[in-house]
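Following: one structure in structure tokens, then a few remarks.
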Amino acid sequence: MRTYYCGELRSEHIGETVTLYGWVDRRRDHGGVIFLDVRDRSGIVQIVSDPERTPDSYHGAEALRSEYVVKITGRVTSRPEDSLNPKLPTGEVEIYADEIELLNAVRKQLPFQVATAENESVREDLRLKYRYLDLRRDRMSRNLQLRHQVVKAMRRHLEDVGGFIEVETPILTRSTPEGARDYLVPSRVNLGAWYALPQSPQLFKQLLMVSGVDRYYQIARCFRDEDLRADRQPEFTQLDMEMSFMSLEEVIELNEGLVSQIFQSVKGVELPRPFPRLTYAEAMDRYGSDKPDTRFGMELVDVSDLMKDSGFKVFSGAVAAGGIVKVLPIPGGNDAISNVRIKPGGDLFKEASEAGAKGLAYIRVRDNGEIDTIGAIKDNLTEAQKQELLDRTGAQSGHLLLFAAADATTVNKTLDRLRLFVGNELGSIDKDKMNLLWVTDFPMFEWNADEKRLEALHHPFTAPHPDDINDLKTARAQAYDLVLNGTEVGGGSLRIYQREVQEKVFEAIGLSTEEAYNKFGFLLDAFEYGTPPHGGIAYGLDRLVMLLAGEESIRDVIAFPKTQQAGCLLTNAPAGVDEKQLKELQVRSTYTPKS
Ligand code: ASP
């Protein structure tokens with residue numbers, strides 16, 4: 001029987017005889033004595049096998065190789081002074097092995113070294129193909145355990161403090177209102193009909209409020225068939241919550257308690273409360289983003305009013321056409337960023353043009369405080385205008401001011417992108433900070449230029465701000481996002497629970513009552529039977545754990561993730577199916593592979 005996990009042993013265990021199980025991380029032969037690092041999910045401990053003291057265990061140890069599975073029985077002893085390892089939690093002790101039992105050997109060539117010290121540069125495709133080996137690695141094992149701790153903290157807080165109950169909702173269901181592309185599953189029993197996998201449990205959780213569940217949560221799997229990026233997966237996990245009879249302030253307060261509890265239990269960090277808040281309008285104005293990274297300054301400054309009469313046509317023209325001019329002030333940017341990088345062909349120019357900007361104007365404040373402009377700006381700003389720019393942006397010697405002039409969306413997108421790019425490059429972002437921020441008062445709708453109609457920014461069940469109810473098209477929503485270091489980790493809203501309001505919202509997004517009934521009729525019907533005021537939120541669990549783990553990809557905090565091509569390299573999903581299965585479903589593929 002196991003007496004301890006390997007990583008648990010400390011000097012207080014010296015003198016005990018212990019039984020351990022694990023994998024051989026590494027084996028070293030030191031002039032007759034064999035040292036083994038044995039690993040399990042808790043960490044590593046050093047085993048010593050000495051031919052003179054325990055010849056049987058020595059012969060056992062000789063046969064061992066990396067990743068063999070072993071059972072070790074031996075005595076915990078203190079390490080000699082010169083082999084203490086302060087970097088290892090078990091570094092004060094070693095186990096003198098009495099018995100070493102080989103439980104299973106490795107029969108194939110390992111695709112990569114699993115050993116803790118040697119595994120940082122393994123190619124990701126290999127790691128994903130042999131994910132079971134990859135998950136043995138220290139870093140991945142820690143990530144899985146951290147994820148578990150986060151979920152445990154969530155459950156504990158929601159159940160014990162919040163009085164929430166967990167309810168499961170269907171995976172085989174109908175389309176939900178998040179608006180991404182659905183994954184579809186054909187029905188064999190109802191030929192010709194299809195289930196959609198849920199993009200979120202949104203409709204069911206609202207129905208549960210009609211049922212009087214009052215406080216619901218679920219660690220819910222969600223599916224969205226979208227193009228993938230580093231922080232997206234076709235299936236992902238949300239902490240999904242919904243509650244009745246709570247005001248927006250109460251929802252926010254409850255969630256601050258929850259998030260603080262998570263940080264407290266997995267990071268030991270006390271978050272200052274209340275969390276800071278920005279309205280959507282402020283966030284866009286100051287950062288050009290609805291999920292600003294507030295770990296550093298470099299806030300944007302709107303100078304449209306100053307530039308509307310300037311002789312520089314790019315600026316005055318943009319304002320005349322209904323656009324704006326904004327500045328990104330970069331302290332130290334004068335030295336750090338050369339002209340070639342800002343002009344066509346340069347990396348900053350490339351960033352800007354990928355955001356839709358046609359070019360970047362700039363002003364340098366030289367070290368002696370002299371202002372230097374280039375190109376057309378140079379002769380077209382008066383001294384007074386230059387001075388006013390410096391005052392407004394707080395620019396001092398050494399600053400670089402980057403300008404974008406276009407429609408508001410393009411300007412914000414451009415400068416947001418450049419702010420993050422430059423902030424990273426100049427090391428302005430304190431990576432140890434954990435900045436949480438609520439963004440509130442989102443607009444209800446945004447304009448979908450392709451379809452030439454308004455669409456719900458959150459989803460069409462989001463309640464409008466009570467003050468804006470008479471002009472829905474420009475109304476603010478009672479919606480809130482939680483942002484952590486520039487990443488959206490949660491989002492939710494108070495919901496509409498009155499039929500008249502719901503109908504107006506459908507009308508605003510051009511959904512006829514008939515279409516609305518067709519899609520969401522069951523929910524609208526349920527709303528006729530006594531619906532409590534309610535609201536909720538969902539957190540992206542994968543993203544949250546990624547940030548807490550200090551990882552850059554959500555794949556590193558998911559046990560069996562998919563690639564950017566939405567495939568699983570371990571199982572080779574998705575894959576073809578038997579003709580017989582398709583026949584049963586009466587589904588035929590019209591796909592012809594490109595030659
Ligand atoms: N269902 C929403 C989402 O997945 C979250 C919510 O409104 O609670 O974004």
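Including glycine, each Cβ sits where the backbone N, Cα and C put it.
Among the ranges 94-97, 202-205, 354-357, the one that TrEMBL lists as region 'Aspartate' is 202-205. Within Gln218, Gln233, the residue that TrEMBL lists together with Arg224, Asp225, Glu226, Glu488, Gly540, Leu541, Asp542, Arg543 for binding ATP is Gln233. Long-range Cβ proximity for His458 (L-aspartate binding site), meaning a same-chain Cβ under 8 A and a gap of 6 or more residues, is found for Phe442, Ala477, Ala479, Gly491, Ser493. As a whole-number mean, the pLDDT of the domain 'Aminoacyl-transfer RNA synthetases class-II family profile' (144-561) in this prediction is 94. Each of the binding-site residues Glu178, Glu226 was ranked by the number of other C-beta atoms within 10 Å, and first place falls to Glu178. For Arg224 (L-aspartate binding site), applying a Cβ distance below 8 Å and a minimum sequence separation of six or more within one chain yields Glu178, Ala180, Arg181, Tyr183, Gln199, Arg232, Pro234, Phe236.
Ranked by CA distance from His30 (site 'Important for tRNA non-discrimination'), the binding-site residues Glu226, Glu488, Leu541 have Leu541 at the top as the closest. Annotated pair Leu541 (ATP binding site) and Arg495 (L-aspartate binding site), C-alpha to C-alpha distance, rounded: 22 Å.
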